[in-house]
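Okay, structure first, notes after.
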Amino acid sequence: MTMTFYKYQGTGNDFVIVDNRLQSINKKDTKRIAAICDRRFGIGADGFILLENDDNVDFKMVYYNADGNESTMCGNGGRCIVAFAKFLNIIENDTEFVAIDGLHKAKIENGLVHLQMQDVSLIKTFDNHLFLDTGSPHHVQMVSGLDTLNVKSKGSKIRYGAPYKEAGSNVNFVEEISTDNFAVRTYERGVEDETLSCGTGVTAVALAMHKSGRTQENDIGLQTQGGPLNVTFNCNDTGYFNIWLIGPAQQVFKGEIEW
Ligand SMILES: N[C@H](CCC[C@H](N)C(=O)O)C(=O)O
């Protein structure tokens, strides 16, 4: 079967996206999904995303990591699927869709995609890191010398080590630029490498910086290898809410491949 796909990237986090409203894709074929994401033998991507119909909202997002396994929420992928839904004329500039972690509002404004993330009530603080789930699990750790850090080596040790082990966590290394601006490099679970940015990751970093008192701001700039992202939020004594991940999402090319 010939499958039409669209290659998208959001600040360098890249995805193969397929319109699966006719349910033509065999979602159990994880080997095939991994092969499509392979950077040498396939199209190459950090993740594989299906857009599907939903009875209650504009569409459903199904996300797979590059290892072929269905995974938890992808923030950059969420921004890209909103751009894809507009390209398909499923939506105008405002939408509500469903993903594995629930409902998400989104809007396209001034060429940027604004994606609302789930509320976060629990942020665990440890001696040298914080842990929180922003739709995907994230370990957040301050470092110095971020530019020269071996993210893959250091990140995989944390991702596979205790307490995360096989289930794992994504790992974000952070350096403060100013009180409302942070540089972030992320090791992504399921890609098992550094990605150029991670949407749920920079969201976790913004909230962790506020929780740990490194910022009092609620509109945070995150500088990633793939470009700038913004996270805005409100908070009260029950936690963080009205959380928005804001950044660009581009279609790079369209193609066909035998599925
Ligand atoms: N690798 C992540 C999912 C994708 C997250 C990332 N691509 C994002 O933009 O949030 C995990 O398995 O938890």
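Cβ from N, Cα, C; glycine included.
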| field | Listed in TrEMBL for the substrate site shared with ASN13, ASN65, GLY75, ASN76, GLU188, ARG189, GLY199, THR200, one of ASN93, ASN170, ASN172, ASN218 | value | ASN170
| said: Quick check: in three-state DSSP terms, what is ARG189 (substrate binding site)? | reply: coil
| field | DSSP-derived structure type at THR200 (substrate binding site), helix or strand or else coil | value | helix
| said: Rounded to a whole angstrom, what is the C-alpha distance between GLY75 (substrate binding site) and CYS198 (active site, proton acceptor)? | reply: 7
| Farthest-apart CA atoms of ASN13, ASN65, GLY75, ASN76, ASN170, GLU188, ARG189, GLY199, THR200, residues recorded for substrate, distance in Å | 15
